[in-house]
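Lifted from TrEMBL, the feature list:
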DOMAIN    A:79-269  domain 'ABC transmembrane type-1'
TRANSMEM  A:21-39  transmembrane segment
TRANSMEM  A:78-102  transmembrane segment
TRANSMEM  A:114-135  transmembrane segment
TRANSMEM  A:147-169  transmembrane segment
TRANSMEM  A:190-211  transmembrane segment
TRANSMEM  A:250-269  transmembrane segment
Amino acid sequence: MKQSYFDSMKNREKVLKAVNFILLCFGSLLFLSPLWWMISTSLKTMKEVMSFPPTFFPKEWNWDNYIKTWEAAPFDLYTINTVTITILVVVGQVLVNSFVAYGFAKIPFKGREVLFAIVLSTMMIPGFVTLIPQYVLFANLGWLNTYYPLVVPAFFGSAFNIFLLRQFYMTVPNEMIEAARMEGASHFYIWRKIGIPLTKPALATVAIFSFNGAWNDFLGPLLYVNDENLYTLQLGLQVFKGEMSTQWNYLMAGSLIVLLPVILLFFFFQKYFIKGINLQSGGK
Amino acid sequence: MAKLILKNINKQYDKAVNTNAVTDFNLQVKDGEFIVLVGPSGCGKSTMLRMIAGLEEITSGEFYLDGKLMNDVPPSNRNISMVFQNYALYPHMTVYDNMAFGLKIRKTNKKEIDRRVREAAEILGLQDLLNRKPKALSGGQKQRVALGRAIVREAELFLMDEPLSNLDAKLRFQMRAEIAKLHQRLGTTSIYVTHDQTEAMTMASRIVIMKDGVIQQVGTPKEVYDFPENVFVGGFIGSPSMNFFNGEIVDGRFISEGFDMKVPDEKLAMLKAMGYVNKKVVMGIRPEHIELQNGEVGACYELLRAKIIVSELTGSDMLLYSSIGPQEFIAQVGSRTIVSPGEEVLLGFEMDRAHFFDFESGKRIKAYDSKQLADAPEKAYAAEPVLRYV
């Protein structure tokens with residue numbers, strides 16, 4: 001039987017799909033291998049970690065490494081500390097940046113464009129340039145060894161997040177804001193009742209970014225926090241790094257535990273990235 | 001319920017450019033009137049509406065609402081409600097919440113909100129849709145919700161900015177009647193902006209025709225249709241448009257390129273009085289005042305031989321695109337007429353209904369001056385020749 005044009009097209013598609021699948025599998029294995037290395041190391045004994053040639057799978061699966069890790073330092077306390085900082089930072093970033101972005105996008109005022117350009121230009125300054133002046137500033141404020149240096153800046157906006165949210169607000173039709181104004185709403189009310197619900201996907205993005213930043217922050221706490229009772233998880237992990245030797249198996253186990261919420265969060269919020277809200281005022 | 005006074009209103013977007021979006025706009029709106037601002041796009045009608053709403057600043061001039069100067073009152077304190085062209089519904093709220101939004105801001109009590117929303121929903125036939133989100137509504141339904149949102153507030157003044165432009169023709173027709181009905185029922189003073197002269201003619205108590213930011217004429221639909229102030233209004237109001245012919249008044253006749261015809265005595269007297277003898281004028285006549293003749297001729301008709309270029313059946317009428325020499329025009333005749341393109345026919349021009357316009361200024365030539373019209377319009381119109389309605 002002679003093959004029709006459509007049959008040959010279908011076969012071609014099948015082959016292409018198979019090739020794609022194999023390539024993607026290979027790629028994901030490549031990207032997963034460091035994670036596997038972490039998991040595998042976390043379950044080995046210290047002797048096996050150091051053995052040569054290295055083993056890909058642990059000879060013995062030492063699950064109690066995780067319990068030992070958790071008990072090696074007051075990780076319960078560190079978790080509470082980290083969670084506190086992270087929540088405050090996320091709340092600050094989401095609310096303040098959203099509010100500022102609403103203003104830049106929807107309230108016309110003199111010098112708005114110039115001001116926005118100045119805000120954006122702060123993105124050009126590398127963080128390390130301001131590190132020492134900032135330290136001096138916080139030291140003068142008497143904020144060393146407190147969480148203020150870690151939390152308060154989050155309530156003063158960040159250029160990138162403002163930019164991101166402003167772009168999102170630009171897609172909200174002006175008429176919608178004007179309609180609300182006509183109905184007697186203040187800008188604050190409109191931001192709260194219309195702005196926030198309509199920019200949820202962008203807010204979720206900002207929340208995830210700032211969660212990640214705060215949760216994984218090592219330099220901030222290292223600089224500003226000395227009291228062991230104020231340590232965060234990232235600082236806590238340092239107990240396994242001795243001056244002579246590092247307990248790699250415990251460090252990896254601890255790192256995995258600390259990493260877990262971040263991974264879970266990504267799974268949970270993924271739909272917000274995809275979904276998006278139709279902003280055409282209920283249009284098509 | 002509200003009275004509006006708009007006094008010498010100007011709007012200038014860019015002071016450097018020195019062109020006005022609206023120039024010297026003067027209008028008094030009586031309580032309960034339905035005013036339609038109409039004009040081609042870019043004529044400043046929407047800008048005017050947005051200044052009344054408070055969404056645009058008034059560059060100069062005064063706007064009074066019920067005797068109170070409103071220039072610097074923020075939109076939220078004006079007690080004006082507005083319907084937008086793209087509906088501007090809040091997509092994340094249900095129909096009910098959309099309508100209740102303004103009342104909630106005003107801290108109206110829950111029972112009262114519920115009563116008003118349900119009442120508005122009943123008037124607009126939205127009872128079954130109250131729990132839906134705007135996304136699940138058709139264009140006509142969204143427009144109804146937008147109207148509902150405007151009426152629950154029981155504001156003093158309704159503003160509508162091309163509310164029907166996004167609807168298809170049939171729905172537009174339907175909603176037009178519904179808005180008119182709503183206005184009759186509520187009696188709220190309304191200002192409606194459109195570029196569609198049919199909407200203006202059918203809905204307005206008075207029409208304001210604008211061009212390039214300047215009012216061309218204000219009047220009832222009948223006034224602007226029967227007595228257009230200038231060539232622009234004559235051409236803009238009415239569909240198909242008025243036919244215009246350039247020519248000269250010589251020896252009691254209107255001489256144009258390719259034809260000439262007698263000017264009725266009354267009109268001639270008026271033209272003579274105003275000094276237009278042997279001067280260039282523009283003659284305007286509506287398509288429905290040109291009729292196909294077959295023998296019997298009414299007294300006021302001037303007969304001319306014309307060639308049919310194309311005939312167009314609209315259903316109830318037929319439009320004859322005709323020409324006399326180099327000049328083309330449209331005649332609107334009965335649908336039962338049978339003519340074929342290229343055919344020569346005898347057309348009767350009902351000259352009593354024709355208008356003469358100044359060639360330079362485009363203004364309609366009339367016996368009275370505009371001051372008289374402003375002071376006593378009834379008297380001024382009485383001076384117009386009596387029309388013969390056939």
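Note that Cβ sites are derived from N, Cα and C of the backbone, with glycine treated the same way.
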Within-chain partners of the transmembrane segment (A:190-211) [C-beta distance under 8 Å, separation at least 6 from its ends]: 86, 89-90, 93-94, 97-99, 102, 106, 154, 161, 164-165, 168-169, 172, 176-177, 180-181, 262, 265-266, 269, 272-273, 275-277, 279
Spatial neighbours of the transmembrane segment (A:147-169) far in sequence, C-beta under 8 Å, 6+ residues away: 84-85, 88-90, 92-93, 96-98, 100-102, 104-106, 116, 119-123, 134, 138, 141, 195, 199, 201-203, 205-206, 209-210, 214, 217, 220-221, 223-225, 230
Positions on the same chain near the transmembrane segment (A:78-102), where near means CB under 8 A and six or more residues out: 147, 150-151, 154-158, 161-166, 168-169, 187, 190-191, 195-196, 199, 203, 206-207, 209-211, 213-215, 217, 230-236
